[in-house]
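Student: This structure is in structure tokens; I'll ask about it shortly.
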Amino acid sequence: QEKLWDAMKISACVLGTGLLIFTALVNFVSWYVQNIWDASGHFWQTAWLKFYYLYEGDEWTIFLFGAALVPALAFWCFNGILMVADITGKPTFITRYRIQLGKNDPVDMKKLCQAIYTALFNQFFISLPMLVPMFYIMKWWGNTFSKELPTFQWFLVELSIFTLLEEILFYYTHRLVHLPLLYKHIHKKHHEWTAPIGVVSIYAHPVEHILSNTLPVMTGPMIMGSHIVSIAAWFSLAFIVTSISHCGYHLPFLPSPEFHDFHHLKFNQCYGVLGVLDYLHGTDTVFRQTKAYKRHRVLLSLTPLSENIPEEPRRAQ
């Protein structure tokens, strides 16, 4: 009992100290970034007001610009660079970071054109109409088109909530479409790419695009009544992150795509975005036993992780 009590006191001391240090660090970083934000705040506030008055406060036009045009440009600009590498194999700086070596080298042009066509269809005929009810929900909140921009701290709070809601909704809707009946008629289309590329992130059946791609991203801003600038930033970030997850390249200083790439390779592992729910539900156990799991980290050097942590050579039959 004495040893147990001592262990509990030491644990409480260590955890308490760690929590205090972590809280202090977060507050310091938040304060520091907020100071930078405030220093440029006048510029951004002025720019926002100029844009607002340029369209004479037309909320629908402003909403389309922020929720549709800006994210779409972010998606296609980022994926345009990746597609050049997929088609030409250049620049080699990108292609040497390929995860599944020998795949999409070069990419099948017929499959690529089909993926581009489906992605455009989903954006124009699925996502765009879904912005109509979202627009009226945001108008009901009354803060979306405010002339005053949100503070940096509040945007961070929103971003955390958006990410949490997306993880929950995407994980469970993703597992739902993996049920045999729904997989056969809906989700199988997305899994035609066992070695995905960036644009495949929204290559999906319309039903799946609504359930797994669009609603998980839209729900957070609708619940929070977010400003259109926050919505534009969040949608753009979500597009880029999902493109990275599907891009097939483990590039330096970017989030690791190993987790979702493994899902496309094995189909029954790694359903989520962050991996938290996969850990809790045990749907990443096989992944954790692979070299891909060891490579699942941010690459902080220019040497590809496929060279530092190569796959084990296959045994001769």
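Every residue gets a Cβ built from N, Cα and C, even glycine.
When I checked TrEMBL for this same protein, it listed these features:
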TRANSMEM  12-33  transmembrane segment
TRANSMEM  60-85  transmembrane segment
TRANSMEM  115-137  transmembrane segment
TRANSMEM  152-172  transmembrane segment
DOMAIN    161-283  domain 'Fatty acid hydroxylase'
TRANSMEM  223-244  transmembrane segment
Student: Near the transmembrane segment (60-85), which residues from the same chain, at least 6 beyond its ends, have a CB less than 8 A from one of its CBs?
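Tutor: Residues 51-52, 91, 94-95, 107, 112, 123, 127-128, 131, 134-135, 138, 144-145, 197-199, 202, 228-229, 231-232, 235-236, 238-240, 243, 247, 249.
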Student: Can you break down the domain 'Fatty acid hydroxylase' (161-283) into helix, strand and coil residue counts using DSSP?
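Tutor: Counting residues per DSSP class in the domain 'Fatty acid hydroxylase' (161-283), I get 86 helix, 1 strand, 36 coil.
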Student: So what's the average pLDDT for the domain 'Fatty acid hydroxylase' (161-283)?
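Tutor: In the predicted model, the domain 'Fatty acid hydroxylase' (161-283) has a mean pLDDT of 94.
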